[in-house]
Structures are given as C-alpha cells and as structure tokens.
Amino acid sequence: MDKGNLSIVSEFVLLGLCHSWNMQVLFLMIFFILYLIIISGNTVIMILIITDYRLHSPMYFLLANLSFVDIWLSSVTTPKMITDFLRENKTISFRGCMCQILYVHFVGGGEMVLLVVMAYDRFVAICKPLHYLTVMSLQKCTWLVVTSWTIGFVHAMSQMAVIVQLPFCGPREIDSFFCDIPLVIKLACIDSYNLGILMNADSGVLAMTCFILLLISYTYILLTIRQSSKTGASKALYTCTAHITVVVLFFGPCIFIYVWPLSITWVDKFLAVFYSVITPLLNPAIYTLRNKEIKDAMKRFRL
C-alpha cells in the first residue's frame, strides 16, 4: 500500500456499550454510582491504613497500594465511558486513545504483580511466621511495590512501542467504550492478524506467569495451613480467602480475554466492564466485609 496516499486518523469513534438512548441513560446512572463507590471505598481504606497505627503492617501497606491501583485502573476508562453516555458522537483523539492503552496496561500489569507480592506476604506470614518482620520489612515492601510498578511500566511500553508505529487510515470505529489493543490493531492499514496474536501473547505471558506464581504460593500456604493447629489454620484460612477471591476475580476475566480464541462482541464488552468497574468495586468490599481489623479501624475512625 502506498503510504503517501494514506490519510492519517486523528481520532477514533467509540461505539460504546449499546445504541439505545434509554439503556444509555440507565447505564449512566448505574456506572456513575458504581464509580463513586469505587473512589470512596478505596479512598476510605487508604485513609484508615494511613491514619490508624494498628494497621501499620506489611499486609495493610500492600492493601493500601492495591486500593490506590484500583482507583487508577477504574479512572482510566470509566469517567470517559460515563460522559460518553451523554454524547451522540463518542470520539477520542489518537493521543487520548494511545494514553488509554498505555495506562490500562501500565496499571493492569502493575496490579498483577502486586497481587503476587501480596501472596508472597501471606506466604511468609503463614509459612515462616518467626521471620516475618525481618523478611517483610518496610524497605522490602517498598522495594516490592516499586518492582510491581516497574514491571507494569515495562510491559505497557513494550505494547506502546508497537502500537504507535502502526499506520491508521480508516476505518476508525472501535466497538467498545475504550481503546483496547486488539480492537485498535484491527484498524491498522496492514495485515494485523499475526501482530494481534503477538500482542495478546505478550499480555498473556505476564498474566499466566503471575497466575502460576500465585498458584504456587497459595498451594504452599494451604499445605502449611493443613498441618497447623485448628485455631491457627482457621485464622490463616480466613485471611487468605479474601486474597484468593480477589485473585480469582482479577485473573479470571484477564486470562479469558487473552486465551479465549473467539471474539464475541457482547462477551468482550462484559469482560471489559468487569475488569475496569466490577473488580475495583469488589476489592474494597471483600477486604472490608471480611476483615475484622478494618472494621475495628472504621469504628475507631468514626469515634
């Protein structure tokens, strides 16, 4: 194709979740309320952990970082989706589209690694309790969190290095509410089939590596719990259940997106909503409703 005859795409059109105006109004109210809950719920968790000295421990330090990541993950796509429900022409600039791709993979990749770090924290606490305070020092926790952000950034940049160099000359319609790499690649003026597989493999390798590390960690944890006393095992299992639930909710849709060979529009949209709205919403709910220390901290904060 003669690149000299290509017209450069300056913006993309987001088709959104649906075309019915009544449904868009309904979705607007639902997702606006959910987004407020995400922001307020995760913010409350961060404030409680920062202000309550009883929560100044490695586990809650990592939980505060998870809440911060969830706020950012949801904020990359949800506000744009909400405002687009009010617009007839749902467009996003080329630069804005590239920024969405960058931040979604930056924050998403960082959260994957952070969940592995949280599993490692539980592994040390349950399997090596006598060495916990030495191994999981504040310096070590800070280093692990920085590592998670670094891996997320490297992953995102590896994706962006390819995407920004693609030629886009039309069509420019993205059948989603945000710029997702597989959908954007399809709009490139080249044969993008092999490139799409390569980009999915890049994200899939990170997701599967983190998931396997999580499986190994929790396998060791469950084996240790099985050998512990009944009281200790019950407390440890209670703590780990919240972590395992969050892991399943986060990695389930993520792995499905990159492993499932078929592309079904409504399934892809549902998974995108689950990933950007439901998961950040459920994380604070799971940790708050099942965590006695957080509940006690909330009571003290109100007093």
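In case you wondered, yes, glycine gets a Cβ from its N, Cα and C as well.
Here's what TrEMBL has on this protein:
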- 25-50: transmembrane segment (TRANSMEM)
- 41-287: domain 'G-protein coupled receptors family 1 profile' (DOMAIN)
- 62-82: transmembrane segment (TRANSMEM)
- 102-120: transmembrane segment (TRANSMEM)
- 141-168: transmembrane segment (TRANSMEM)
- 205-225: transmembrane segment (TRANSMEM)
- 237-260: transmembrane segment (TRANSMEM)
- 272-290: transmembrane segment (TRANSMEM)
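The stretch with the most CB contacts under 8 Å to the transmembrane segment (205-225), chosen from 25-50, 102-120, 272-290, is 102-120.
Sequence-distant contacts of the transmembrane segment (62-82) (same chain, six or more residues past either end, CB-CB distance under 8 Å): 16-17, 28, 31-32, 35, 38-39, 42-43, 45-46, 49-50, 92, 100, 103-104, 107-108, 110-111, 114-115, 117-118, 121, 141, 144-145, 177-178, 246, 272, 276-277, 279-281, 283-284, 287. Residues 3, 6, 8-9, 58, 61-62, 65, 94, 98, 101-103, 105-114, 116-117, 120-121, 181, 184-185, 187-190, 192, 195, 199, 202-203, 206 of the same chain, all 6+ positions outside the transmembrane segment (141-168), place their C-beta atoms under 8 angstroms from a C-beta of that stretch. Within the model, the domain 'G-protein coupled receptors family 1 profile' (41-287) carries an average pLDDT of 85.
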